[in-house]
Amino acid sequence: MTITTKLDTNPDTYAGLRPVQLREDGRALVLLDQRQLPRESVWLELDALEDIAVAIETLTVRGAPAIGCAAAIGLYVVSLGLPETQAEFLAELEAASARLADTRPTAVNLFVALDQLRAAVQEQLRREPEAEVAKLREVLRATALDHVREDLRACLELGAHGAAKLPAGGILTHCNTGALATSGHGTALGVVRSAWALGTKLHVFVDETRPLLQGSRLTAWELVHDGIPCSLICDNMAGAMLARGEIQAAIVGADRIARNGDAANKIGTYTVAVLCKHHGVPFYVAAPWTTIDLSLASGAAIPIEERSPDEVRVHGGALRAPATVPVRNPAFDVTPAELITGIITERGVFEPGQLARAGR
Ligand SMILES: CSC[C@H]1O[C@H](OP(=O)(O)O)[C@H](O)[C@@H]1O
């Protein structure tokens, strides 16, 4: 195994999986359909607004940064089919942006991406009020591709920062925070990848992550593909693994982090954090700065997506509960800052309470 002394953080030399792409002819959003993994790799090419919106809503593409990247490229692709007169183009562009914003409420990266595209068009119009629609489309394309490149750079950089923090031994993960959840490399799983590349002797304990199994379907798929040692566990086994002393740290992603360091992430993350606190094991959150929402004072203000009851009742296509049993299905929970050892970003590793100062 090659021992890497320095990690390559250049997004232009990244050779790993990129689940969200602009097709070579620039006219379609290309997505790896994550609903089909790990059974098969199916790539979709989408150019219609409703298809792109539904792909986000159905977790065909998922993961906070990946959702932002898909919305950015998707909005540019949709703009190609909008009217050629500036007023109509802008009106329909805003309507398309609103539709994408209405897909999933928790991952702030979605709104960061859409705001970046809107701001870029408005800046172009400020400089050139009569700008042709073709010019506005070019601004959208450049901004979308820059958003994707910047996300990949952030993941590679935070991977390097986090690798220095991750101990050898058992590392507990929850949900999927790998290349599939981002523009490549990953956030929490990107830290694992970077630490492994530096020679850290680690073994990942992969929470399967009910109800949609992003851990068993996606994280295990990524780790097996990369040859990184791992063991898949049911979510209800994490406590026992910690009690046995088999876990030396936990690392998770985030969908939105508030100014005080409270972090929203996949449902079950709060449980992992409480278990880590009880067992005196460090609990890290890894996320690009685009996931940090300094406009929110605390996690209490983070919108939590409630998803379909059948995601809980039905498993593997078969009903696993009475069809009429009432269900709660919040897709995320909030881990309070006091349970978080450090927040790993491309700007470095912060204590939760340091974010507000760092963000100025
Ligand atoms: C790298 S952030 C990934 C983040 O998104 C996941 O949610 P979902 O699969 O519903 O999009 C989960 O919260 C992960 O931590």
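Backbone N, Cα and C atoms are what each Cβ position is placed from, and that goes for glycine too.
Fair warning: this is a prediction, and the values are worked out from it, not measured in the lab.
Annotation comment: TrEMBL describes R62, G63, A64, R104, Q214, N265, K266 as substrate binding site. Residues annotated as site 'Transition state stabilizer' in TrEMBL: C175. Annotation comment: TrEMBL describes D255 as active site, proton donor.
The 10 Å shell around the Cβ of G63 (substrate binding site) contains 31 further Cβ atoms across the protein chains shown. Here R104 (substrate binding site) comes close to I56, E57, I67, L110, E305: these same-chain residues lie at least six apart in sequence, with C-beta atoms under 8 angstroms from its C-beta. In this structure, the binding-site residues that sit close to ligand 1, with a C-beta under 6 angstroms from any of its atoms, are G63, Q214, chosen from G63, R104, Q214.
Considering only the recorded positions R62, A64, Q214, D255, N265, K266, the residues lying within 10 A of C175 (site 'Transition state stabilizer') on a C-alpha to C-alpha basis are Q214, N265, K266.
Other residues of the chain with a Cβ within 8 Å of the Cβ centroid of R62, G63, A64, R104, Q214, N265, K266, the substrate site, are L59, I67, A107, C175, N176, A181, G253, D255, A331, F332. In this structure, A64 (substrate binding site) is part of a helix by DSSP. Counting Cβ atoms from all protein chains shown, N265 (substrate binding site) has 28 others lying within 10 Å of its own Cβ. Neighbour list (A64 (substrate binding site), Cβ cut-off 8 Å, at least 6 residues apart, same chain): T106, A107, V108, N109, L110, A181, G253, A254, D255, R256, A287, T291. For the substrate site listed in the record, the two most distant Cα atoms among R62, G63, A64, R104, Q214, N265, K266 lie 17 Å apart. Around K266 (substrate binding site), the C-beta neighbours below 8 angstroms that are at least 6 residues distant in the chain are H174, C175, T209, Q214, V252, G253, D255, A331, F332, D333. When Cβ atoms from all protein chains are considered, those within 10 Å of R62 (substrate binding site) total 26, not counting its own. Considering only the recorded positions C175, Q214, D255, the Cβ with the fewest other Cβ atoms within 10 Å is that of Q214. Under the DSSP three-state reduction, Q214 (substrate binding site) is assigned to helix.
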